Every structure is written in C-alpha cells, then in structure tokens.
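All remarks here apply to the structure that follows.
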Amino acid sequence: MYSKITLTLLVNLLILNESFAKDSALESCDVAIQQRQYAQAIQIAEQHAGEAAFWLCKGRAQSALAQHPAAQASFQKAIDLKPQGLELISAHLLLGNAQLEGKLHRAALESYQQAVHLSEQQNMRRYARVAHNLIGEAYFDMGEPAEALKAFETGEKLAMNDDERADSYVHEATVYQQLQQVDKAIEYQLKGVMMLRKSGTPDQYAEASLRLGQLFFAKKDYVGADKTYQRLMEYAHDNGGDFYEAKTAIYWAESKRAQGDMTAAAQLLQQAETIAAKLNDAELNGLLAKAK
C-alpha cells in the first residue's frame, strides 16, 4: 500500500502512547522518539524494565531503526507484563506493525485481531477502527485485496468523524485501484479529498489530492487531472505550501507531457526546480531527477 497511508496509521499509533505518559521519564522517552533520538529513547526505557509503557517506547525506537525482531521482542515483553486498557491494546497494535514490517503476515493478523477483541471489550471504538485498518494493510500486503477491502469497510463503519472517514475512503480507493476498478477508486479518493479539505491537515489534503490526480491520469482523464492539480496548486500557493506547490508542478508536468503540451510541462518543471533549489528537499530532488 502506498506509503502515505501507512505513515498515517503509524503516526496514529505513536499518538496512542502519549496518552499514558504518566511521569517525566516516560515523557522524555516519547519526546526522544519524536526528535528521532532513538538511541536516547532506548537508553531511557532500559532504566525502567519493570514497566510496560517503557517497553513500548523502546520497541517504537527499535522499529524506527528497522530493528524489527528486537522491536517484536520489546512489544511482547510489554504484553507479558500484563498492562491494562490502552497500553495493552497499543502493545498488540505495535507488535502487529513490527511483525508486518518483518513480513510475518499471519502473526501480524493475529496481533491486530487481538487488538480488535480488546478494543471491543472495552468499548474503545477508535482503536478498533485503527486495528481493522491495519488488518486491511496486512491483507493488502499479502496480495489479498478482497479481504483488505472488507477490513477497510469495517473500519469505515466505526469512523466517528470526517477525518476518520476520509482515512477509510483513501484506503478503499487504493484497493479499488489494485482491483483495476479505476472509477470506484476515483469515487472514493474524491470523497476522501473533499472531507480532508474540511477536516484534515494541509499535508493530508495535499497528498490525497496528488493521489486523486494520479488516478485521473491513469484513466487518461486529463481534464480531471488538470483540474485536480490546478486546485491543489492554488491551495498550496495560498497556504504557503512551497513543498506541495513544487510537488504538484512535477506531477502536473507529467500530465501536460502526456497531452503533448511540452511548453506547459517545461514551465511547470522550471517552477518546481526554482522552489526545490530553495528547499533542497531530497524527495523533490528525486522526483525532479525522474521527471527529466
């Protein structure tokens, strides 16, 4: 599944642990992860080996370092300490993520299902939704889009606000694209974009809009692609989003080139290059290198 969806889910899971930052040491561990000081986070966590929350913090740091077997062991240790409520749900979710990163799909599904069970037991609807979406991620990664779609649709039913519904819609759109149902993919991606415009962050809206433009482009609906990119370009410009102004220009140039409008494509790439030179962003530089 494309990375921005996965990153959204991972960020949601990181937020979970903030809920039980009960003392300054645990808060320091969490802050170290936010600041990407992973070795420091592990060092702090190891000083509190009797508390599940610190094993979760350690595992998160290990996951960020791609130390997936070690992260799995840390999350399992947290579970073995028999925490309650949100800590236990989070431990199963995070263990599932580490297992999924390690391509242990069936084990990941079992962890996510356990999180669903615990969330339903404790009437924690938000976390049940996250768990169902992660089940969908696992099935998608296994090449089982029909099962993935079922999981995402279940998560959609548990959504409590537009932001959560949008998250479900963009998941479903990706599966429909995999199933080569491009019209359905566009329908659901468009619904997600419209909701994110109202309730999402600027980055979420921008990424979803870029994805919508790509779907129109894949269908060779260049009018739809152009309208989407123009709308996003104006939004990025008006909201000081130089990064997304440049990224949109790169994607839009591809659409213009496919239409045979080489002049417009060159102008858009020049616009992107000017912004990229100021930002010196690795992602933009990589996209520009591929676009040339």
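Each Cβ is built from the backbone N, Cα and C atoms, and glycine gets one as well.
Per TrEMBL, the feature repeat 'TPR' maps to 52-85 (among others). Counted with DSSP, the repeat 'TPR' (52-85) comes out as 27 helix, 0 strand, 7 coil.
The average pLDDT computed over the repeat 'TPR' (206-239) stands at 96. Annotation comment: TrEMBL describes 206-239 (among others) as repeat 'TPR'.
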Chain residues in Cβ proximity to the repeat 'TPR' (52-85) (below 8 Å; excluding those fewer than six residues from its ends, i.e. six or more beyond): 14, 17, 20-22, 25-26, 29-30, 32-33, 36, 38-39, 41-42, 44-46, 91-92, 94-95, 97-99, 101-102, 122
Long-range Cβ neighbours of the repeat 'TPR' (206-239) (under 8 Å; 6 or more residues past either end): 2, 4, 166, 170, 173, 177, 182-183, 185-186, 189-190, 192-193, 196, 200, 245, 247-249, 251-252, 254-256, 258-259
Residue counts (helix, strand, coil, in that order) that DSSP gives for the repeat 'TPR' (206-239): 30 helix, 0 strand, 4 coil
